[in-house]
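**Student:** So TrEMBL lists the following for this protein:
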type	residues	note
BINDING	294, 295, 296, 297, 298, 299, 300, 301	ATP binding site
DOMAIN	278-457	domain 'FtsK'
REGION	514-542	region 'Disordered'
TRANSMEM	15-34	transmembrane segment
TRANSMEM	46-70	transmembrane segment
TRANSMEM	90-110	transmembrane segment
């Protein structure tokens, strides 16, 4: 039998050899892991260092940007603090105290000497700064929360399923975010009003602030608050600190206009009284059909006579002709000579309106295709219709045909007369749709003192009360005070018409019937109005 020697590969390894090989492999693996870990640590350290540097630079840059933005946004405060700090550093605080005392004394003397110029130059800026940082910045967030003008965090607690044990854990609820509270952008403080501009947060609308206007007024402790939309996400919350309309506004002085030509009168800016901001109230009488509503004694007469006083030279020179419809036969009769045409009964009123509609049609045919706006001249004067107690003839006339005919003529004048030189101004006590069926055809509305909140909406339109037109809260002693809304007025504007005494009305009669200073400008003689065509059967004097 022949035997061969076994190869080394066929010889089984002993335990010691196996352990030696395993130990060597483990050592190699540990060494490799050590090296890899060493490099990984270096990589992690490098990444951590880079992250720290990046975050530091990021926060530093963000801080610089925020600081720069804050500095630019509040440049007055920044400049003041910088100047005061530099002064104290270079010259010490005693010199600063002496200088501030001298400046305060100079401002006081300026205020006493000329309050208007002081308020324009320094007062309003100091007052705005004071109101923003000491009144609105600390208190406005609390007021907004109290009236519900914040967006609450509606995200509930988050439920997390933990498998495989199927046990639940509840994550804590996040706190509301900071931007859920409207932020104050700026504050402007005038003699009587503060305008607080705020930026809305997602989920809010300007109408939310309109609805809360009265609650905001109560929170501020003032009588009036008005909200104006400046942008889709920016509103101005205006607070009235003082009532500048608590004194009677004097009527325009006719003596000062004696030598004034009618051509010098701007019919688009007729002085009529004062606004709640302390500025003159000027309104257009050219094509601006106006409906004035108010209770008895609210001051509708002032709304009527004050503009006529301001345009007296134009009436005298024949550029404006005033037509009066006076169902009561009292208010307009006192100044009868001011009116080119005058009617009391429903029959005469219909004839007057028919004559105006006929003139309007004549102008329409004469100027068709030549102009879009008929110029106001002595040949085509501005025709103003002063319709006192318009509801008496549109609702309470017994004869239905006469009532409907008057309504139709008023509708024609208000829808077509603007460009042709015809203006209708109506006055009413009960402003319901049944009383004045054509009230929607008056683009401009003025609501004086009324008895109920619903009358405000009837005169000024829907949501006028919510937007600050609180005409039912006007006192009986505030005759001529009302709210203007409509064409050219985005938010209800509180105004007070100039008070026109009886002697001023008689003076107006003498003024408009006197000869013009320039004989060439004298209008043709005006005959008393007499209807030449029979009208529909009258329902009696209204």
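Every residue, even glycine, has its Cβ placed from backbone N, Cα and C.
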**Student:** So what's near the transmembrane segment (15-34) in sequence-distant terms, Cβ-Cβ under 8 Å and 6+ beyond its ends?
**Tutor:** none
**Student:** Take the Cβ of residue 298 (ATP binding site) and count every other Cβ within 10 Å, whichever protein chain it belongs to.
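**Tutor:** If we count other Cβ atoms within 10 Å of residue 298 (ATP binding site), we arrive at 26.
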**Student:** As a test of the contact definition, list every same-chain residue at least 6 positions from residue 295 (ATP binding site) whose Cβ is closer than 8 Å to its Cβ.
**Tutor:** 429, 448, 449, 450, 451
**Student:** Relative to the mean position of the Cβ atoms of 294, 295, 296, 297, 298, 299, 300, 301, the recorded ATP site, which additional same-chain residues have Cβ within 8 Å?
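**Tutor:** Same chain, not in 294, 295, 296, 297, 298, 299, 300, 301, Cβ within 8 Å: 429, 448, 449, 479.
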**Student:** Looking only at 299, 301, which of these binding-site residues has the biggest number of Cβ atoms within 10 Å around its Cβ?
**Tutor:** 299
**Student:** With every protein chain in view, how many other Cβ atoms are within 10 Å of the Cβ of residue 297 (ATP binding site)?
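**Tutor:** Its Cβ shell of radius 10 Å holds 11 other Cβ atoms.
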**Student:** Since the record lists 294, 296, 300 as binding-site residues, which of them has the fewest other Cβ atoms within 10 Å of its Cβ?
**Tutor:** 296
**Student:** Tell me the coarse DSSP state (helix, strand, coil) of residue 294 (ATP binding site).
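**Tutor:** Assignment for residue 294 (ATP binding site) reads coil.
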